[in-house]
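Undergrad: I'd like to ask some things about the structure below.
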Amino acid sequence: MEYFKNVPQIKYEGPKSNNPYAFKFYNPDEIIDGKPLKEHLRFSVAYWHTFTANGTDPFGAPTMQRPWDHFTDPMDIAKARVEAAFELFEKLDVPFFCFHDRDIAPEGETLRETNKNLDTIVAMIKDYLKTSKTKVLWGTANLFSNPRFVHGAATSCNADVFAYAAAQVKKALEITKELGGQNYVFWGGREGYETLLNTDMELELDNLARFLHMAVEYAQEIGFEGQFLIEPKPKEPTKHQYDFDAASVHAFLKKYDLDKYFKLNIEANHATLAGHDFQHELRYARINNILGSIDANMGDMLLGWDTDQYPTDIRMTTLAMYEVIKMGGFNKGGLNFDAKVRRASFEPEDLFLGHIAGMDAFAKGFKVAYKLVKDGVFDRFIEERYKSYREGIGAEIVSGKANFKTLEEYALNNPKIENKSGKQELLESILNQYLFSE
């Protein structure tokens, strides 16, 4: 069955094209710095937003019109979604997809029944993977939707829930390995608290670390060689989540001796909710060698929740890809579109239009960022700005030779301090030149 009959194969037609079903800036085979653009960007489709989201919000009923809606049996719906997914993957020519365990198969009455459902759908996906160019970027477990996780999963006050969550992640790791997933993600949507009045924060954090160590041990036991990733988010659905931002997660990993096993999956809209620029989170992760992958989306700056919009801001995508290029590119990670069409964009074709918009925006952003890095635009200015640390007293500070006594002596004998302008306006103007030069 063809699910998207009105959508042709999406091809690159260039920036002058008026075809809505064509890429304007993303030419997957364009060679930049010795490899195709598709290998630089490593695009991925998010199974949950694309195939399971129905448009429900706190104020209204589902709006999405999907070709598989006529099925009533949950397993029939799951099978139809797999068929539709690989049709979309093929028409977009996207190299990867990501999934939660509960995205691909429905939950049963018992854990055994749920695992049986998963096995059925995983076998179906494996058959498609044999002939598809699309592979699995990462898998994960949904430890937040079911009411059993009302108090958390690994941080639940109920040990029975901790055990169930462990069993669920065990299975999710197995199927991610079985499907050839290159990464495995942990996102703690319920790992946090609503009030400290009823919370043993120390025990919860210790238990979260115990849980993650168990995951590492089991992954090693089954031979899963994918990269473990943690996705920071400060709030929503929980008031205060323990994986607040990149720095919070980094401190947690360091404290519990997990930093050698984990990197971060940074999401743009989560950075917004934490009060950071997307680039800030990427920069922090990059300079600490923990940037693993990216959830590509954007938020609405006027709203205080996770809107998960398709990323269309070229300035944002440029600065994001600047950090990726400075890192040396992705290893096992990629750009996963953790984005959903708006509730009023309910037609099946909108799924393609959203991905095309995001893929074009990141392709354009990559090309601009590559020029910025190659031309050393910001590097030269930053090098000049901090040159005082390459000579004299600055060099002594950096080398560790200076101390408070020697610095006091220097300050007493150097009463005149001369600062120079930070030239922010100039640099922003130069960035605009690069953004709009083509």
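A Cβ is built for glycine as well, from the same backbone N, Cα and C atoms used for every other residue.
For His100, Asp103, the entry in Swiss-Prot reads active site. Taken from Swiss-Prot, the feature Mg(2+) 1 binding site applies to Glu231, Glu267, Asp295, Asp338, supported by sequence analysis. Taken from Swiss-Prot, the feature Mg(2+) 2 binding site covers Glu267, His270, Asp306, Asp308, and the record attributes it to sequence analysis.
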Undergrad: Give the sequence-ordered list of residues that share a chain with His270 (Mg(2+) 2 binding site), lie 6 or more positions from it, and have CB atoms under 8 Å from its CB.
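TA: Expected: Glu231, Pro232, Lys233, Pro234, Asp245, Glu281, Asp295, Asp306.
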Undergrad: Whole-number answer please: how many Å between the C-alpha atoms of Glu267 (Mg(2+) 1 binding site) and His100 (active site)?
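TA: Just about 16 Å between their Cα atoms.
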Undergrad: If one measures from the C-alpha of Asp338 (Mg(2+) 1 binding site) to the C-alpha of His100 (active site), what distance in angstrom results, rounded to a whole number?
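TA: Taking the Cα atoms only, Asp338 (Mg(2+) 1 binding site) lies 12 Å from His100 (active site).
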Undergrad: When you measure from the Cβ of Asp308 (Mg(2+) 2 binding site), which residues in the chain that are at least 6 apart have a Cβ under 8 Å away?
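TA: Non-local contacts for Asp308 (Mg(2+) 2 binding site): His49, Asn269, Asn297, Gly299, Asp338, Ala339, Lys340.
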Undergrad: For the recorded Mg(2+) 1 site formed by Glu231, Glu267, Asp295, Asp338, name the remaining residues of the chain with Cβ within 8 Å of the site's Cβ center, in chain order.
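TA: Near the Mg(2+) 1 site, beyond Glu231, Glu267, Asp295, Asp338, sit Trp187, Lys233, Asn265, Ile266, Ala268, Asn269, His270, Ile294, Ala296, Asn297, Asn336.
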Undergrad: Residues with Cβ closer than 8 Å to the Cβ of His100 (active site), same chain and 6+ apart in sequence?
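TA: Expected: Tyr47, Trp48, Gly139, Thr140, Ala141, Asn142.
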Undergrad: Which of the three DSSP states, helix, strand or coil, fits Asp338 (Mg(2+) 1 binding site)?
TA: coil
Undergrad: Counting only residues 6+ away in sequence within the same chain, which have a CB under 8 Å from the CB of Asp103 (active site)?
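TA: Tyr47, Trp48, Phe51, Thr52, Asn142 - these are the non-local Cβ neighbours of Asp103 (active site), listed in sequence order.
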Undergrad: Among the binding-site residues Glu231, Glu267, Asp295, Asp306, Asp338, which residue has its Cβ surrounded by the fewest other Cβ atoms within 10 Å?
TA: Asp306
Undergrad: Please state whether DSSP places Asp103 (active site) in a helix, a strand or coil.
TA: helix
